[in-house]
Amino acid sequence: MITGKIVQIIGAVVDVEFSQQSVPKIFNALKVDNQGSILILEVQQQLGSGIVRTIAMGSSNGLKRGLLVVDLEHGIKVPVGTATLGRIVNVLGQPIDMKGPLKNHDNSDIEYWEIHRKAPSYSEQLTSYEVLETGIKVIDLICPFSKGGKVGLFGGAGVGKTVNMMELIRNIATEHSGYSVFTGVGERTREGNDFYHEMSDSRVLDKVSLVYGQMNEPPGNRLRVAFTGLTIAEKFRNEGHDVLLFIDNIYRYTLAGTEVSALLGRIPSAVGYQPTLSEEMGVLQERITSTNKGSITSIQAVYVPADDLTDPSPATTFSHLDSTITLSRQIVSLGIYPAIDPLNSTSRQLDPRIVGQLHYDVALGVRSILQRYQELKDIIAILGMDELSEDDKILVSRARKIQKFLSQPFFVAEIFTGFSGKYVKLQDTINGFKDIIEGKVDHVPEQAFYMVGSINEVIEKSKKL
């Protein structure tokens, strides 16, 4: 047993001295008894003379110099497999849902994996062109997801990232038979609680593993909790399952890295972020991939500070994604939810060879009408609608109907909106927007398109107006 002693404590950073012959490796887990409770430290730096600098995976309150520290001689290990399904665990894999210890259904031994693992090699990786239906019109039409791909939900504060994330989980987890892993990185405890009950009410909790590191936790927890969730997802993938990995919020992972970097004494780079921002993001994102054994489809919420998409944190995330969904405050102000901006949202899947020519043409038609409407808005604001040509008047009418039709009542928001949730099949979505573009519903009033599912519901609603 290799032991050392604490020589310095600065908040979440703890320096530990070992003999020079037995200095722990980087990322090794150390154990210290802090007034009867076990605290885990993770080695971040070797300072020389046998001293290592560590980050505490919990509160450092109560620690003092001279306390005995034990090197566990491996990285942080967490439980993986079916024992985690339906349970909430923390960064160390310890259950925090007050349901007792984790156990496998067949009472077999629980397997433990280290959270620091190598990304799959190039020869093991697999790409898929299969489109994953979400039941949300604007996503399925404009920025379709690929099975085994990575999706980012970008948005500032209060534009609906978490609600969109919860709706996606509810829709995909209900329709999709595989396992899901939800990782809450530095988010509100209330949202975690809401999410747990939403999964329970939707009867999909027994297929979901929940890993939480809330915003009141020390930076070490928030920095590593994404790896805990990813490790659980990797286990399911390696067993041949198609896994959904939800991360809310990837920005908090970056922020925790910034805090840890400052505590470790590194000189900050642009906008105060850590100099290792790209590397830290890459280490996480490179492991989120599909292999010849199974797939991981990842959906990540990304907070955009001050609605600035050029901020280094969201900008670094962009390069790793297959689909980007941008939430717009301007669309929120129009009362249209989900507030997804169809002109700023993209997907590599929107290709006629993948989604088919009809889907591609309809998506492009919707975009071009909305783009032209955007250009005409200034003329309308200054001169009014009367100055537009007849063709432009028709185009504006269709654009406003498209805008309204892009709204959709969510299952997870029923309690707030009063509208019952709708799941819209991809074919119904394409047919609905095709009818608007071709002018088949020009006679239907604009209000009928708001907060409905398919185009048939629009016709029914218009009869009541």
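The backbone N, Cα and C atoms fix where each Cβ goes, glycine too.
Over all protein chains present, the Cβ of Val159 (ATP binding site) has 25 other Cβ atoms lying within 10 Å. According to its DSSP assignment, Val159 (ATP binding site) is coil. According to Swiss-Prot, the feature ATP binding site maps to Gly155, Gly156, Ala157, Gly158, Val159, Gly160, Lys161, Thr162.
Other than Gly155, Gly156, Ala157, Gly158, Val159, Gly160, Lys161, Thr162, the residues of this chain whose Cβ falls within 8 Å of the Cβ centroid of the ATP site are, in sequence order, Tyr303, Leu327.
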